[in-house]
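Below is one structure, written out as structure tokens, with a few remarks after it.
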Amino acid sequence: MSLWGVYTGPQPPKKPLQEMTQEEQAEEGARQMIGFMNSCPGKTVMAGVSGFALGGFFGLFMASMAYDTPIGTDAVKHISELPFKQQMKLQFTDMAKRSYSSAKNFGYIGMVYSGVECTIESLRAKHDIYNGVSAGCITGAGLAIRAGPQAALVGCAGFAAFSLAIDMYLNSDAAPPPKNDYDI
């Protein structure tokens, strides 16, 4: 067994769950959950679920903003002539549809990207910026392939650039901390 990649020697055999104390059961459960969350299927599922939740909130917010503009489609102009109850029913129905649609898209994209990135990282056995860029390219091309090769190329470039920008931003905190609070 290893601890952060360092071999710690032979471990005692695992006891059956019935023979463990409550603390040992909790530690074993936490160990198994962490092991699952660090695996590729675990990362993929977590990215899909969190993308679904984030997409749902984003879709709900964007749908609520759609009724705020005075210039809109004929459907929005037509809504203002209906009674209040029908207006609310139509708006909430539309918000639910948009929210669900956005949630599905965010969840799907997050799941595909995370799965591809984890697979590339496992195959390369390296954790660097090229994993995210490659995963972004594959994900972008895969999502746009139905529209043709040019769209796949643009999708590849766009997702790779976005992934590079996000990775560069998230990895920029690796600098040493400032000497005092005034030099931030």
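Numbers run from 1 along the shown chain.
Yeah, the Cβs are placed from backbone N, Cα and C, and that goes for glycine too.
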Cysteine from Cys118, Cys137 that Swiss-Prot links to Cys156 by a disulfide bond: Cys137
Nearest-integer angstrom distance between the alpha carbons (Cα) of Cys118 (disulfide bond) and Cys137 (disulfide bond): 14
Least surrounded among the disulfide-bonded residues, given as Cys40, Cys118, Cys137, Cys156, when other CB atoms within 10 Å are counted: Cys40
